[in-house]
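To keep things clear, I will list the structure first and then write my remarks on it.
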Amino acid sequence: MGKKGKVGKSRRDKFYHLAKETGYRSRSAFKLIQLNRRFQFLQKARALLDLCAAPGGWLQVAAKFMPVSSLIVGVDLVPIKPLPNVVTLQEDITTERCRQALRKELKTWKVDVVLNDGAPNVGASWVHDAYSQAHLTLMALRLACDFLARGGCFITKVFRSRDYQPLLWIFQQLFHRVQATKPQASRHESAEIFVVCQGFLAPDKVDAKFFDPKFAFKEVEVQAKTVTELVTKKKPKAEGYAEGDLTLYHRTSVTDFLRAANPVDFLSKASEISIDDKELAQHPATTEDIRACCQDIKVLGRKELRSLLNWRTKLRRYVAKKLKEQAKALDISLSSEEEGDEEESAAETKQASEEEEEREEEEQLNRTLAEMKAQEVAELKRKKKKLLREQRKQRERVELKMDLPGVSIADEGETGMFSLRTIRGQQLLEEVTQGDMNAADTFLSDLPRDDIYVSDAEDDDDTSLESDLDPEELAGVRTHSDQKEQKSLQFAQVDDSKEEEGENPLLVPLEEKAVLQEEQASLWFSKDGFSGIDDDADEALEISQAQLLYKSRQKEQQPTDPPPPPTNLKTEKKSSQCQNEVPKETEAITDTGGEDRDSSDSDSSSSEDEDDWKVSRGKKRSRGSKADEDGFEVVPIEDPVKYRILDPEGLALGAVIASSKKAKRDLIDNSFNRYAFNEEEEELPEWFVQEEKQHRIRQLPLDKKEVEHYRKRWREINARPIKKVAEAKARKKRRMLKKLEQTKKKAEAVVNTVDISEREKVAQLRSLYKKAGLGKEKRQVTYVVAKKGVGRKVRRPAGVRGHFKVVDSRMKKDQRAQRKEQKRNHRRK
């Protein structure tokens, strides 16, 4: 029967599933994300202290949103699993030990943000739980005041209870701005709210009573008011009336209405407007409706009030025109002296008006230019947005494999690949040299960004291919490619004169092969390394002559020929080559002319010459030589010493021999003992030889620490991978990283898709990672030793989970015996 999960209080809501998908340790991480989205306190913080931080969801959010080099410290009663770039402490925030540990960790630093998401163990009673949480918040505030920098933030969780208001009052005394909020991720049925305190005042001294719960949460007794206090002693002054205004009815004239600076305010205070001027009363704009509206303004609506304002505007224009006419008539009647003064004042007025007009025109021009510039900037922004939108759509199409990068449906007839053979004549050559750079720029800008990485990937594949091949295989591949290039050059020399319309000025005919080889040889031998090659050739001749003389003397001293070495196909081939080369050497001894240089210029290496000489040594001895008469003293050539790889005991013994001559003499003297085994191993049985080596060996006076030191060095050397293995692992890692990047891009495209459901997204993501081979995990196999009397079918043993394999103890013994047999056979060889 299936086990029923905990679904009370809608525990598994969307934030629960989001925390599972995004990797947060708790759903409360989204509370901090939403608080930071509103108040923006994590982006500018350089140091953060998280109290009651387990299991570490808020620490994960802080590490994500804060700068990389920030200091993040988390404290809780229970241990917190390690997080990158986060320091965790297991302490009680109500104790002095926690304060000392924080001082040790922070040193002289002051934190910018203090977080507190702590809550006590609940379940006793609501009143007790609320008080415990308020007391815990007060202790967190006490720690925050010790380590918070000036202007820092303090974010804490508080339960809504009767202790909430005292806490809020204490926060307001210590911080500049205090706001209470409830993020969307907090459950509606929960009594928790979050208080964000910003702008820490950092007072020089804080009263200890603030952090004493007995004083902070003390109930204040409200004294009851007496009846005499409730009775008002003096009647308050009436409000809403202007001082000195004894009546509410105000009658005004039309002249006052026309002179009013604020006509709307004038109409709100007036009750009636009397038309006392005859000219204004006879004006065409003064209709019967206007007269009726002027009699009682308090009852007018918006439409009638607007008609009164329009009537006022017409009357003001009429009065202004009339005043101008009167001013002109008055100017005519002025005397000549007054006329001069008037002209000067008029000129000044005209000049001032012209300056005012110029200023207005300049301001208008500046406004027009600013508007045009703003329109141009808006147009550029619109074009840029459009271009970015098209590029994003193209990238999404490529990521979703709806379109291939670099493939266009348009015709590619004229925009094919460039070829020299298409240029025929001087005119086409000039067109190519001039070029169309604008077209090239537009072509490059139209290309998608994904095409940029194609050439790099191809180069990486070529380099990885060269690193995979051995030197011999690489040389063979290069030789094969050179032969192909030579064949292609030979075919390119064939000239089809009938099909060509003109001569291509860029195609140059190739020279003959012999001429090219001679030029390459002359360039090669003109290097500085071949400057003293003549002297080297003379020395080589002298050495070869000395070797021949020494061989002939050894041949005379030996009565019988040595047995011929075992020959195979390679040795026979080399011996035949050596027989052909012997006469050339004798000719080189007698004649040191141009042939000497030719023989020294051969491409064969010195190691091959030495091998050939060793193979043909038996045949040269049988021929004999007349070189004894020359009287050369030949020094015998010693065979190269074969170095033996020492085990840790041998290395320790060598260190003792190299460090002390006395120890060396003692070791040599002690080697002559009764355990010395001087018999020939071939004449004795193998089992006897092995037992003697195992049991009749005298222990060497070696230091165990020294032997262990060399054994450890050997283990370190053996643990290092060889170059080919390291390169193969690096190539495999590079391929996996490349595949992972491609899969991530596809996964982002799937996640950003809106048309499919979450279940379909998860299925597509699983298929993507399965195709990329990133979700494969090696299956763990548990080996279980079978007991006697157990049949073929074995039940799952107790305590074993997952895949298990039953093995036999007999199998272990057989494998041990096989290893011994292989070791024995290896010794025989």
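Any Cβ shown, glycine's included, is placed from N, Cα and C.
Between Ser345, Ser497, Ser576, Ser625, Swiss-Prot assigns phosphoserine to Ser345; no such entry appears for the others, which is not proof they lack it. The coiled coil annotation in Swiss-Prot falls on one of the ranges 371-409, 410-448, 683-721, 722-760, namely 722-760. Swiss-Prot annotates Gly56, Trp58, Asp76, Asp117 as S-adenosyl-L-methionine-binding residues; of Asp92, Asp146, the candidate listed for that same site is Asp92. Looking at Ser161, Ser335, Ser552, Swiss-Prot tags one of them with phosphoserine, and that residue is Ser335. Here the compositional bias 'Basic residues' (794-804) has long-range neighbours at 779-784, 786, meaning same-chain residues at least 6 beyond its ends whose C-beta is under 8 angstroms from one of its own. DSSP labels the residues of the compositional bias 'Basic residues' (794-804) in these numbers: 0 helix, 2 strand, 9 coil.
Comparing Cα positions, Ser345 (phosphoserine) lies closest to Ser353 out of the recorded positions Asp76, Asp92, Ser353, Arg389, Ser659. Fewest other C-beta atoms within 10 angstroms, among the binding-site residues Asp76, Asp92, are seen around Asp92. Rounded to a whole number, the distance between the Cα atoms of Ser353 (phosphoserine) and Gly56 (S-adenosyl-L-methionine binding site) is 75 Å.
Residue counts for the compositional bias 'Basic and acidic residues' (805-820) by DSSP state, with H, G and I taken as helix and E and B as strand, are 12 helix, 3 strand, 1 coil. Ranking the recorded positions Asp76, Asp92, Ser353 by the distance of their Cα atoms from the Cα of Lys693 (SUMO2 cross-link) places Asp76 first. Here the candidates are the recorded positions Asp76, Ser353, Arg389, Lys661, Ser671, and by Cα distance the one nearest Arg766 (citrulline) turns out to be Arg389.
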